[in-house]
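Just below is one structure, and these are the notes that go with it.
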Amino acid sequence: MATNRTFTMIKPDAVADGHTGAIIKMIEEAGFRIVAIKKTLLTGERAGQFYAVHSERPFYQGLCDYMSSGAIVPMILEKENAVADFRKLIGATNPAQAEEGTIRKLYAKSIESNAIHGSDSDENAAIEGSFFFAATEEY
Ligand code: ATP
Ligand code: MG
């Protein structure tokens, strides 16, 4: 069932480079309502849990090191068709392939340091949201 919610994190490179405000502005202007937001740090272990689905991939250790290298800004977002529309707004994983005007085209540095995360399904959006936030149903 579509929940109309998705989960995102502004990743360490974009936070460190001072792009948090610009990225949040793009998200709100695209029609997403911010349900929950905070600034926090992931330990390497927590980053590993978050990206456990990639644990067999060659880039896993680098991904965990990168995701725990600095502050991140996780958010739960709400909009009709949130998961698919948000993936469109952020663009392709590799910024070299991201469409013009997408968040990754504007702010990602590489396929690894790619500025922002977006859930890939309603089910994962709910799991990932509860990884960072307790009970947000009535926010
Ligand atoms: P995310 O899940 O962060 O929104 P995505 O769904 O576009 O990104 P995934 O395939 O889920 O891409 O990969 C998760 C993250 O792992 C990527 O966002 C990127 O930071 C990193 N990553 C993916 N592929 C590579 C790769 N080939 N080399 C290095 N890092 C990679
Ligand atoms: Mg993914």
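Just so you know, glycine gets a Cβ as well, placed from its N, Cα and C.
Automatic, uncurated: that is what TrEMBL annotation is.
Quick look at what TrEMBL annotates:
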| type | residues | note |
| --- | --- | --- |
| DOMAIN | 3-138 | domain 'Nucleoside diphosphate kinase-like' |
| BINDING | K11, F59, R87, T93, R104, N114 | ATP binding site |
| ACT_SITE | H117 | active site, pros-phosphohistidine intermediate |
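When the recorded positions K11, N114, H117 are checked against ligand 1, N114, H117 have a Cβ within less than 6 Å of one of its atoms.
Mean predicted confidence for the domain 'Nucleoside diphosphate kinase-like' (3-138): the pLDDT average there is 96. Between the C-alpha atoms of R104 (ATP binding site) and H117 (active site, pros-phosphohistidine intermediate), the distance comes to 10 Å.
Between the farthest pair of Cα atoms in the ATP binding residues (K11, F59, R87, T93, R104, N114), the distance is 21 Å. Least packed by the Cβ count within 10 Å, out of the recorded positions R104, H117, is H117. Secondary structure at the residue listed as 'active site, pros-phosphohistidine intermediate', as computed by DSSP, is strand. In the three-state DSSP assignment, the secondary structure recorded for K11 (ATP binding site) is coil.
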